[in-house]
Amino acid sequence: MSDVTTAEFNEDGKYIRKIRSFVLREGRLTKGQSQAIEAHWPAMGLDYTPQALELTQVFGRDADTVLEIGFGMGASLVQMAKAAPEQNFIGIEVHKPGIGTCLSEAGAAEVTNLRVYHHDAMEVLEHSIVDGSLERVQLFFPDPWHKKRHHKRRIVQAEFVQLIRRKLKIGGVFHMATDWENYSEHMLEIMNAAEGYKNQSTTGTVVERPEHRPLTKFEARGHRLGHGVWDIMFERTA
């Protein structure tokens with residue numbers, strides 16, 4: 001049994017810490033995922049501690065660092081790390097099968113600039129990531145909680161984006177993507193009201209998908225069916 005902290009917010013966007021316990025059963029993992037964790041966790045896994053992470057020690061170099069919150073199965077994160085060997089990448093994911101698949105693909109791709117946490121992103125950000133240390137924070141396709149009464153559960157809230165701002169360097173970018181138009185509107189509303197940020201869109205709305213974000217199979221299928229995807233990028237200015 002593992003205690004994992006999950007994010008929840010009240011109607012004013014105030015972060016509420018709640019502890020939810022659930023069983024992380026090995027039986028949920030495929031044989032390949034289990035083998036990948038056993039083989040690659042020693043080199044690529046980061047065990048959560050409430051102490052500040054020394055990035056130069058973790059990666060053995062001083063380089064721009066990109067952090068992704070909730071990388072799912074990790075395919076696009078591995079692609080990004082492979083395509084930008086000059087950068088460091090950190091992924092955070094709470095679901096163990098995603099960790100296993102990501103490590104499997106990272107091992108096959110022979111990437112050396114990727115590290116992953118199996119922990120809640122809020123705790124990692126609050127306690128392990130040094131303020132002003134990140135070049136980019138990525139939040140791709142978070143749960144939209146599409147029912148209005150559930151909007152308070154959306155991770156993008158006023159307090160959350162200020163936590164992200166603290167962790168970004170001046171000039172660093174918070175990059176969000178969603179395939180739910182209402183959530184993109186919510187993201188823009190929160191970000192436009194947030195101090196210390198500037199929208200990178202010349203129109204003050206969304207941006208075209210940047211080259212650094214790979215086109216996923218799910219997204220490509222959505223495009224063929226006429227479904228939209230909205231990318232939002234805000235730069236830390238203060």
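Cβ coordinates are placed from backbone N, Cα and C, and glycine is handled just like the others.
Copied over from Swiss-Prot:
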BINDING   Glu68, Glu93, Asp120, Asp143  S-adenosyl-L-methionine binding site
ACT_SITE  Asp143  active site
BINDING   Lys147, Asp179, Thr216, Lys217, Phe218, Glu219  substrate binding site
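Recorded features from Swiss-Prot, shown on the structure.
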| residue | record | Cβ neighbours (10 Å) |
| --- | --- | --- |
| Glu68 | S-adenosyl-L-methionine binding site | 25 |
| Glu93 | S-adenosyl-L-methionine binding site | 23 |
| Asp120 | S-adenosyl-L-methionine binding site | 21 |
| Asp143 | S-adenosyl-L-methionine binding site | 13 |
| Lys147 | substrate binding site | 8 |
| Asp179 | substrate binding site | 17 |
| Thr216 | substrate binding site | 19 |
| Lys217 | substrate binding site | 10 |
| Phe218 | substrate binding site | 13 |
| Glu219 | substrate binding site | 19 |
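Using the Cβ center of Glu68, Glu93, Asp120, Asp143 for S-adenosyl-L-methionine, the list of other same-chain residues with Cβ within 8 Å runs, in sequence order, Ile69, Gly70, Phe71, Ile92, Val94, Ala121, Pro142. Across the fold, the C-alpha of Asp143 (S-adenosyl-L-methionine binding site) and the C-alpha of Thr216 (substrate binding site) stand 17 Å from each other. With respect to their backbone Cα atoms, Glu93 (S-adenosyl-L-methionine binding site) and Glu219 (substrate binding site) stand 20 Å from each other.
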